[in-house]
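The structure appears below as structure tokens.
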């Protein structure tokens with residue numbers, strides 16, 4: 001296939017790919033916009049969920065403050081005795097329900113620094129109010145469209161005055177014991193001191209990400225102050241861990257998306273993060289969204305490209321099939337064109353070029369080569385005694401002799417050269433960028449090829465060689481080589 005035809009084929013094939021890809025790109029852009037909006041919705045829903053948790057924590061704190069502010073009845077001797085009988089010490093910590101649920105009056109575990117059970121009697125009598133508040137908030141009706149999910153977050157209460165901590169869920173002291181009771185000092189419970197100090201403003205605080213001493217995992221906490229008579233008494237805390245965050249960010253309406261969604265919370269101050277979810281394959285991201293929450297928490301979401309392929313497989317399959325069909329049509333068209341072109345300029349009997357190859361375009365190309373200093377050699381070839389072969393052996397044998405000579409010529413030249421059957425037993429060879437020496441050796445090389453492919457045949461030929469000059473036409477060059485052929489043939493006949 002000629003260079004310009006090959007370039008045209010590549011151009012059309014590239015155009016087909018571009019045009020069919022534009023449909024896929026349009027789908028990708030539309031999906032990008034839709035999924036970007038959906039990621040914003042996920043973050044807004046998570047932000048609302050944090051507000052809902054904040055409201056619940058404030059509700060629990062308010063319930064505790066009402067219980068503390070109410071007039072307290074004196075603890076009965078029986079209740080005091082039950083509390084002190086259940087009071088235990090383990091792992092350098094003291095309190096109730098440390099290793100087993102020995103005091104049924106409390107649902108969870110109370111840990112204190114004091115070795116005297118009398119110091120926690122009043123607390124043990126008041127903490128059921130905390131249990132009731134947590135239980136009530138967990139089971140209240142959800143009017144927030146999924147914001148108040150039925151899950152068990154970790155609630156606990158720190159009393160700053162009496163130095164005890166009460167966990168709503170039982171905590172085995174063998175696995176975690178509160179040993180540093182200086183709550184307001186940095187590092188005592190893992191929460192940054194700046195976050196604890198913000199509690200003194202009276203607001204509920206969402207802490208930065210820190211490593212929880214109990215679970216050794218990165219968590220966040222909501223801290224709500226508890227006041228009595230205008231003085232800060234304690235803090236109600238709600239831990240938000242990775243599992244809680246997975247429930248908050250989980251795409252319930254698009255479960256397939258969760259397989260390809262990356263969700264990370266990062267603390268912009270400390271650099272700590274919580275990797276909530278990771279794509280199963282994570283090929284590369286095609287949609288991403290970043291949003292900063294109050295308190296220096298950055299939410300980063302991204303969707304892997306495999307989600308688009310999986311969710312839009314019909315569009316992708318349609319694009320692939322359309323592109324393949326159109327590319328195959330282009331290939332078949334150019335193959336047909338190549339076959340037709342080859343048949344148009346090829347000699348049916350020998351497979352060499354025919355006269356139609358001698359076009360003005362070829363003439364201009366050869367003239368440019370000559371003008372640039374390259375040598376173009378014309379060799380005219382004519383079979384000897386073809387009429388005698390036809391008369392004695394038949395035209396079929398004569399055609400065979402022509403075919404064998406054409407085969408020998410074709411095997412003796414380069415692909416860049418032109419071997420042309422002008423008609424009958426007349427041939428013309430055009431050697432491009434050759435030399436007179438090479439041209440002079442070509443007839444001998446053709447004779448050797450004839451002897452090799454047809455050793456039993458006596459096929460002879462005569463030739464004439466001419467070097468094309470500037471301003472020579474194809475007709476001029478061939479005529480000059482043909483005249484030399486005639487001279488050489490006359491000389492050969494006179495010798496025989």
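Glycine residues also receive a Cβ, built from the backbone N, Cα and C atoms like all the rest.
For residue 425 (Mg(2+) binding site), the count of additional Cβ atoms within 10 Å of its Cβ stands at 22 [all protein chains shown]. The feature Mg(2+) binding site is assigned by Swiss-Prot to 382, 425, with similarity to another entry given as support.
Residues or ranges marked as domain 'GGDEF' in Swiss-Prot: 374-496.
The Cβ of residue 387 (site 'Transition state stabilizer') has no same-chain neighbour under 8 Å that is 6 or more residues away in sequence. A helical conformation is recorded for residue 387 (site 'Transition state stabilizer') in the three-state DSSP classification. Swiss-Prot lists 387 with the feature site 'Transition state stabilizer', giving sequence analysis as the kind of evidence.
As annotated by Swiss-Prot, transmembrane segment applies to 11-31 (among others). Sequence-remote contacts of a segment are chain residues at least 6 beyond its ends whose Cβ falls under 8 Å from one of its Cβ atoms, and for the transmembrane segment (11-31) they are 286-287, 308, 311-312, 315-316, 319, 322-323, 326-327, 330.
Residues or ranges marked as transmembrane segment in Swiss-Prot (evidence: sequence analysis): 305-325 (among others).
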Across the domain 'GGDEF' (374-496), average pLDDT on the 0 to 100 scale: 91
Spatial neighbours, same chain, of residue 382 (Mg(2+) binding site) - Cβ under 8 Å, 6+ residues apart: 425, 426, 427, 461, 462, 463, 485, 489
Helix, strand and coil residues within the domain 'GGDEF' (374-496) as assigned by DSSP: 66 helix, 28 strand, 29 coil
